Structures are given as C-alpha cells and as structure tokens.
Amino acid sequence: MTGLEEDQEFDFDFLFEFNQSDEGAAAAGATAERYSYATTGISSALPLPTAPPTLPAPCHDQQASAAGISAVGSAGHPAGYAGAVDGGPSGYFLPSGGVRPNGAPALESPRIEITSYLGLHHNNGQFFHDVAVEDVLPNPRRSPSTATLSLPNLEAYRDPSCLSPASSLSSRSCNSEASSYESSFSYPYASPQTSPWQSPCVSPKTTDPEEGFPRGLGACSLLGSPRHSPSTSPRTSVTEESWLGARTSRPSSPCNKRKYGLNGRQLFCSPHASPTPSPHSSPRVSVTDDTWLGNTTQYTSSAIVAAINALSTDSSLDLGDGVPVKARKTALDHSPSLALKVEPAAEDLGATPPTSDFPPEEFPPFQHIRKGAFCDQYLSVPQHPYPWARPRSPTPYASPSLPALDWQLPSHSGPYELRIEVQPKSHHRAHYETEGSRGAVKASAGGHPSVQLHGYVESEPLTLQLFIGTADDRLLRPHAFYQVHRITGKTVSTTSHEAVLSNTKVLEIPLLPENNMRAIIDCAGILKLRNSDIELRKGETDIGRKNTRVRLVFRVHIPQPNGRTLSLQVASNPIECSQRSAQELPLVEKQSAASCPVLGGKRMVLTGHNFLQDSKVVFVEKAPDGHHIWEMEAKTDGDLCKPNSLVVEIPPFRNQRITSPVQVNFYVCNGKRKRSQYQHFTYLPANAPVIKTEPSDDYEPALTCGPVSQGLNPLTKPCYGPPLALPPDPSSCLVAGFPPCPQRSAVMSPPPSASPKLHDLSCAPYSKGMAGPGHLGLQRPAGGVLGGQEAPRPGGPHPGAPQLHPLNLSQSIVTRLTEPQP
C-alpha cells in the first residue's frame, strides 16, 4: 500500500515549479485517494447555491457525494484556476458575465495545468462529509495553487461546448441534450481534478476548486489504478460497456465532459440532440439540465460494482432502451429530482436501503437497484410488451387467406362457373393520369361487357373483383403499366368500389341474386401509368411502350359450407390500349379451326383487324423454358385476304408420329416488330383409326360371347358390329334371360374423330331398338332356351339397321348356333 508514495516514475515535480511546502499535503492526499470513491450519475448542471455550504449528502462507508466534475478545495481557499502562480496574463478569461453576441458562452483559452489533490479525512474506514470543509481539511493539507501554462486566446481555436480531438473520440457534444445524461455518468477518475497523475495533453479547464464545494460537489478519486494513460481515451462518457462491463486495469483518459465554462457560468445546452450519434449505444435518456432540479445522490459500493460487473451481460439494465424518443414529455414540470439509487450490499456498514417506488419483482436480476423519481419526467412505458386493452370479439372470425392476384385460378369448379357473356372491344384508348377519363370499356357489338356466375343458388350476394391483367404469352398477372379506373356518372348503372390489393387497384362490383348473379361492367375504365415510374421499380423488367395489351380479369370468391372459400377467375380477350398500336399491329379475334391432324393441309380463316396482303402466319412450338423448338410459316391466300379476315393453310407438324395431341401457337406478322398476340392451336396424331361408312350386303357377324352362368344353356346371341375384337366383358352381349347390353365395350368403341354414321352397326346403338329377346321375333320358352320358330317382331326394323328380313335373320342365328364351338 506504500508503493504509491514510493514510486516516482511519473512524478512531474521536476518539470513544474511546485511549492515544496505542499509536497507533504500532496503525498497525504495521494494516500487518501486510494480509499475514496466518487459516485456517478450526478449532473454538473445543478443550480448554483450562493452560500458556501458544507457537504449535506451522507456517505456510507466508501461512498461520496461527488459529481463527474470533481473539484478539491475549500470555499475559503484563495488560490484557484482563475489565477496562475506563474504570473501569467489573466486577460485570457472573459468576465463572468461575458457572452458572445449569439448567446453562446464566452470562449476561453485552453491551457496545461498540473494539480495535486488531497483526500478527505479518513477515520476508521469511513468518510464524514457532513462536517465543514474547513474542519475536515486542516491547513497543512489544503490544496496548493495550480500551476498553469496559459496559451494565447484564439477565438476560433475551440468552442468550450465542443470536445477537442485530444480530449475524446466520442462524437457527442458535452452540452448536447442527448449526451447530458451520459456526461453526468462520467468516471470520477477521468477528471483532471481527481487524477493523481495528469495526462500531458491540452484540455479545457474544469470547474474551479472554490466552485465545487458551494455546489455540494465533493471531490473523491476512485480506488483503482494509480496511473492513468498519458494518451487520449476513445471515450469519457459511460456507455453500455463501461457502465455495466468489467473495469479495466487502465482507466480512461483524465479528460472529461464538463457542464461549466472557465468563467464559472453555466454553459448553454442545445435543445436538439447531437447530429452525429455515438458509435456505441449508451444508457442515456437525454436528461436536460432542467430536469435535474436538486442535489442527487447515488449510493454505491465495491460489492455492488462487482455484482454489476458479473451481471453485465444482462440487457435488462439498459435504462434508455425502454424510453422511446417520442414518449418523452414535451412540457417538463418541476417535480422532485431524479435519483438513481443503488442499495449497498449487506456487508456495508451503516447502509440503509432507500425507499423505492417500484416493487423488486420488476427487476428480478437486479433487486438491489432501486429507481427513484426516474420516470417522472417521461411518459409511462412498461418494460414488458404492451398488452393492448382493446376488447376482442368473443367469437373471433378467422378469415381465410384469399389467393393472390397473380395466382392462376380456374373459371369453373363443380356446379359454379364464372363466364364472360359479352366480351369487351378489342381496342380501348386508355387515359393518362394528367388527362380526363375516356369512358368505360365498351363491347364489340355495342353496350358494355357483362359477367355472370352460373350455378350459384344461395340468397347471399357476392363481390365480383375486377383488375387489369397482362395479355402476353406469359402467365396471367396484374399489369404493371395499367390500372383499372372507376367510372361514375349519371349513365353508369352499376355500383362499384375501388380498393387496392398489393399495389393493384381492384374494382369491387356486387353480384346480386335478384339479377341472376349478372353484372354489366359499365363502370370500369383503364388508366395508363407513367412508364418511368414503373420501369424504375426494383425487379421490373418490362418496357411500357412494348406492353400495351391488357385483359379484364374477373374474380369471385364463393364461401363453402365447410368454411372454405372457392375462388374462380376468368379473363377477357386482349384489349389494345395504345392508339398507335391499335392502328398498326394485327389483331386476331377469332379462328375457324382449333385443331388439325399432323399432316396439315386444312384451311383456317382468321378474323380480326389490320390484316395486309403480305401478312404472314407463323406456327411456333415452344419449350418449357420459352425457347422456340419449331417454326413454320403457313401459306396464305392473298386473293381472299381482307383487312379483317385472312385465309391460311395449316402446315404439317414437324413430328408425324406423335401419340398424343401437341399444343402449339401461331401469330400474324405485318413486319419486323408488328406482331399479333400468340394464338393457340392443337395438332392431333395421324394414326387415328378411320372406319369406312359404305354399307355392305353381307355383314360378318361378330364372334359369339361365352356363357355367363352355368345354369343357362350355352346358347348365345351375337352382337352385330364390325369385327374389331372380342369383348372382354361377356355381359356386354345379349344373353337369354338378360336385357341387352347398355353400352359397348371399350375395345369396340370408335375413335372420337369417326363419323357419326359409323355407330349404326355398333352394339349399343343397335340395342336401343331392342326391348328384349322378343325384339328379334324370338320368344323365350319355359326352359329358358330361345326358339327359332317364333313369329317375327311386330315392329319394323331399326331405323339405323340394314334392311334384313326377320326370317332370314332367324335362320342365320340358328345356323350359327349349330356350328361347333371352337
């Protein structure tokens, strides 16, 4: 413990002329400094009392009522920072009342000063601050005069309201409102008044010794490292790492943030926070000078500091995190002073836990920390997530999530079908945002488009949603450059409401049961957005001038009994919104054929607009990734070409051996960049069976069917039809005692492309004219065996069957039955 006095490594006495009579007092003060501890959190902007009082705040054990700006000295000591022992010029300091024209405090010249400090009276390990300073500090131990090296007074050198680069690397001003609270939590040993050895750097002057005690700010130095770094420290204010973190062996720089100028006047505080925030978050709550209205005392101890260091990883002690900026009161009332009190540990002598306004269960990890009137100056913000007091519905309705607008939905499902009864016109001039409306979308034959929902029998009305979608070869989605526009007026008969879903305007139209769920769309126009506004969006790749076709997309949501929602969607034909494109680009509205065999050669008539004599029709097959696999130009008949119609010969497909239909596209081209939208076309396989339709006089009967039951005579009856294959199901044939087969076998069914005349010889249509075995003039005897000598059937032959005499028919049946079975 005596190494402090014996170590002369950083003794600067040989550099400066000190009074040798004060060396003893300086040594005694250094001894007392090791047992002194200055508290934090005390603002230096307290009101200044005029009378020289004593130290009224009590201290327990090693606790002292001192501010971050610590000044050692007595009120009656004649020497101070205002006077220099070297006889330097005193004109560098402005008068106490001097201020600059803009209201800021007067600038004062910086200087280098070395000051020795004395400790307080130590008696049995306790400090008594409630005695007069004159009694505590005897004459031999009073603070010596300060050795001052004054520099020239440069007005533009440094503003006292700003920190110098040599003082701190912190980006906050010492007088800013945002940093006033953290400035008051500066380390005591960071002040030039409490450091045993000073850093030889230029730093602004702090409070005079004789000004510290009248303000009730006692001076103590922290029990810590005996030496300070001679270099600057990255920060002097308390942050999360320094206030709650472990104490390092090398304290911060002796330079500190101060709230008083060299002339003794209180510095002006900016009402706004510092424009450059600190790179480290700090537990500040932006307490201004007005909120510190009296002496504030903090009780600390070494045990509490050790406990805080051990729990420094807990974030629940962040004082400023729970107070948002907008939660602060705008009008500060003069309420009791703020006090952040820390209970001393149980082993502290004479420790009395102060009263607390908060129950200890609010801070379980830190029950020894008490809050005084800390939240009196701010709106009440609870520490835990705010429980909304808004009453909730006793039976909350969980609305199912509706599909997004870019989802591909069917137009019919089950008994429901959403259908466009009247298609819109192929061209509509969209209006810009800067011009008036151009009216609602019209239909081709006059009037307006209409939409109807079929299969809905409920009495509840539904909502029909309408938005503008794309009309290119990609998947249907909301159009980026066009929006729906609500049309109102005396001529509009349909009510509507405009909504926005995912940055897309949606027009909501009611579907009423009294109107058969039908709506006339006379309230929808098309609005053109500016290309520059859309093309600059993030992720937008479309170009507005090349994407001028749209579709009217209708969507309806039908609630189901099981709580689900059925969504149907249907899109209209493409609508050209550009006037120039409508006059130049070809448009296909209708095609006479939708499919053809792969051999091609079939003619197709296209109906639309802007067809020319040299218009070309190109068939294209695309890969799943969009690349063209096959392209073929079809032949057009120039003699039959008209501006609104075009005759084209379908080309053969590239693969003649396909086994399933293949869907391709085609478009009409009037030039290099004048193409129509892609139209769909389907190629069918070429090996589809084709059956001749010419009748024949001698029909070969089909193979007989085997018996179906052991109790019956194996007598069977043939089914007239083409000899295709043996039916797999024996019950499909006419058997004695059984009605005729209701349908044909799957093997014997003709292809879909066959002529409807070929069903005359089939089993199913032929059986329609039979009511039973008696239809052929055969009666069933008692034994269940057919007889061939029965009378002919009274009715005439089947209209579609060949003209066969009943007698010849029965004879052929008997002859066939007498032949041996294979």
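Here, residue 1 is simply the first one shown, and the rest follow in order.
Cβ from N, Cα, C; glycine included.
Since the structure is predicted, the reported quantities are computational estimates derived from the model, not experimental observations.
The range from 110-115, 590-595, 608-613, 650-655 that Swiss-Prot describes as region 'Calcineurin-binding' is residues 110-115. Motif 'Nuclear export signal' is the annotation Swiss-Prot gives to one range among 26-37, 302-313, and that range is 302-313.
Swiss-Prot assigns the feature DNA-binding region to residues 429-436, out of the candidate ranges 5-12, 429-436, 725-732. Note on the repeat '2' (225-241): mean pLDDT across this stretch is 47.
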